[in-house]
């Protein structure tokens, strides 16, 4: 049996909990960790699109163009754009006669 869970035990005619009024540091720490975990999980579910979009796109600065001639920067930008445009072409329209 785990020390971190509350166990209901029959006490006379009522059901009670052994952890009520406990000053056990392990039980207190487990309760705090459980509450923090619940709060973080709720925030994650509420804002997961914002959070993961920020990590996926916001933190990527791309390669540095410092010291690269402007003509090469333009060529690189065009290559990147054509790669994005080519990726959009994976949808194929099929016409049946």
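Glycine is treated like the rest: Cβ placed from N, Cα and C.
Helix, strand and coil residue tallies for the compositional bias 'Basic and acidic residues' (71-80), in that order: 10 helix, 0 strand, 0 coil [DSSP]. Per Swiss-Prot, compositional bias 'Basic and acidic residues' is recorded for 71-80.
Secondary structure at residue 50 (S-palmitoyl cysteine), as computed by DSSP, is helix. What Swiss-Prot lists as S-palmitoyl cysteine is 50.
The annotation phosphoserine is assigned in Swiss-Prot to 64 (among others) on the grounds of sequence analysis.
Counting only same-chain residues six or more apart in sequence, none has a Cβ lying under 8 angstroms from the Cβ of residue 82 (phosphoserine). The phosphoserine feature in Swiss-Prot is assigned to 82 (among others).
Look at Swiss-Prot and you will find 93 (among others) tagged as phosphoserine, backed by sequence analysis.
Per Swiss-Prot, site 'Seems to be involved in pH gating' is recorded for 41, and the stated evidence type is sequence analysis. DSSP classifies residue 41 (site 'Seems to be involved in pH gating') as helix under the three-state reduction. The Cβ of residue 41 (site 'Seems to be involved in pH gating') has 10 other Cβ atoms within 10 Å, all protein chains considered.
Swiss-Prot lists 23-43 with the feature transmembrane segment.
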Rounded Cα distance in angstrom between residue 50 (S-palmitoyl cysteine) and residue 41 (site 'Seems to be involved in pH gating') is 15
